[in-house]
Structure formats: structure tokens, C-alpha cells
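Enquirer: If you look up Swiss-Prot, you'll see 10-15, 87-89, 122-128, HIS143 marked as FMN binding site, on the strength of sequence analysis. Residues or ranges marked as substrate binding site by Swiss-Prot: TRP107. For 4-199, the entry in Swiss-Prot reads domain 'Flavodoxin-like', with the evidence type sequence analysis.
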Amino acid sequence: MVKVNVIFHSIHGHTYKMAEAIAEGAREVEGAEVEIYQVPETLPYEVLEKMGAIETKNLFAHIPVVTRSMYEDVFAGADALIFGTPTRYGNMTAQMRTVFDGLGGLWSRDALVGKVGSVFTSSGTQHGGQESTILTTHVTLLHLGMIIVGLPYSETRQRRMDEITGGSPYGASTIAGAEENRQPSENELAMARYQGRHVTQIAKKLIG
């Protein structure tokens, strides 16, 4: 059995939909046990309400929120960890950063060394920092000792030129639009499924 956990942060639901697609692809691998978690939201209700995010947050309210008491099971207990975060100025969101910053105890005893790590993202525009967000998140994964897996060009959908689409060798991504009203396309969701499957296959090989 290979255990894969998908951990995401989402406000308007785009990263959540990609997370579901990632998990769907991971579950296609025989013997895979896949769970999805969301990180705690740090924005107050009033701010989320002004952002028009209450309704969209409710769409994935059923997804468990990963708390510090769960870090051992969710992080140290997995063979592969796939992280999803929207872009914030070319980096992960503060909500996701807070979770990573809380992993010091696991880091200090090398609990994540040798585990497979992968990242996916979303942004408001085509050039909204998708690649830099994934790459800067990779830096954190490297400090934790993880083995990074991206989205290889064998997933040919990232080569498409006939439509606006996310996706790069660094990981799957989606473009939400400036008003957050564009939903992940089938092409983007297919790349997310590929990434989930690819990461899980590699993790399965590594654990023998």
C-alpha cells in the first residue's frame, strides 16, 4: 500500500477542484490510499464575506482541516505529499506557509526525509506567478528532505497552444481569471489527474 495525502488551501474553490483531480489520479494506482486535507483558514469571516468567498468555501467545508495534532499522521505517516496553493505575489499563501512553519518538530527528526513531494497551484492570470509559486514551495520541500516530482512533458497536454491553459513541468495549475470566475478546464484537470497518478506511481516504486 502507498499512502498519499493531498493538502491544499483554497478560497474561491479553484485549488480545491484541482486537489480533487489530483486525488482522483492518485487513486487510479493500485494499492493507493489517498486522503485530502485543507489547511486552516486565517482570514476572518468578515474579510471572506467581503471577498465573496463564504459560498465557495462552503463547497469544500466537508474536507478535514489539518491541525497540529494531526501533523504526525498527515505528514509523517504519508509516503507522498502533494500540496496545492494559490499564488500570492509569486509565493504560496500565508495560510499554507503557516502550516509549513509548524513542521519544525518533524523537520528536526528528519520525519519527512525521503518522502515524495509535489506542488500544484492556481493564479488569477496567465502570468500570475504560477511557476515561481511552485518553485519557491519546492525550496521548502527540499529543506524538509523530500524528493520532488513535477509534471513531465510525457503529459503532452501542457504543450497545447489552441486554448488558454495552466500546467508546466513544475506542476499542474489553473487560471482563475481576474474576477475568479474561470473554472479549471478539462485540460487542466486532466493534467492534475496525471500528476496525482505520476507522483503515486513513483512513491510506490520507492517504498518497494
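A Cβ is built for glycine as well, from the same backbone N, Cα and C atoms used for every other residue.
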Enquirer: Whole-number Å distance between the CA of THR87 (FMN binding site) and the CA of the residue listed as 'substrate binding site'?
Expert: 24
Enquirer: State the three-class DSSP label for the residue listed as 'substrate binding site', counting H, G and I as helix, E and B as strand, and everything else as coil.
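Expert: The three-state answer is helix.
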Enquirer: Taking Cα atoms as reference points, which of the binding-site residues SER10, THR125, GLY128 is nearest to TRP107 (substrate binding site)?
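Expert: When the Cα distances are compared, SER10 comes out closest.
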Enquirer: Which ones in the same chain are close to GLY128 (FMN binding site), with CB under 8 Å and 6+ residues apart in sequence?
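Expert: In sequence order, THR87, ILE175 meet the Cβ cut-off.
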Enquirer: Tally every other Cβ atom lying within 10 Å of the Cβ atom of SER122 (FMN binding site).
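Expert: Around SER122 (FMN binding site), other Cβ atoms within 10 Å: 31.
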Enquirer: In this predicted model, what is the average pLDDT of the domain 'Flavodoxin-like' (4-199)?
Expert: 97
Enquirer: To see if you understand the setup: which same-chain residues, six or more apart in sequence, place their Cβ under 8 Å from that of THR125 (FMN binding site)?
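Expert: In sequence order, the residues whose Cβ lies under 8 Å from that of THR125 (FMN binding site) (at least 6 apart) are ILE175, GLY177, ALA178.
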Enquirer: Return the count of C-beta atoms lying within 10 angstroms of the C-beta of SER10 (FMN binding site), excluding that atom itself.
Expert: 26
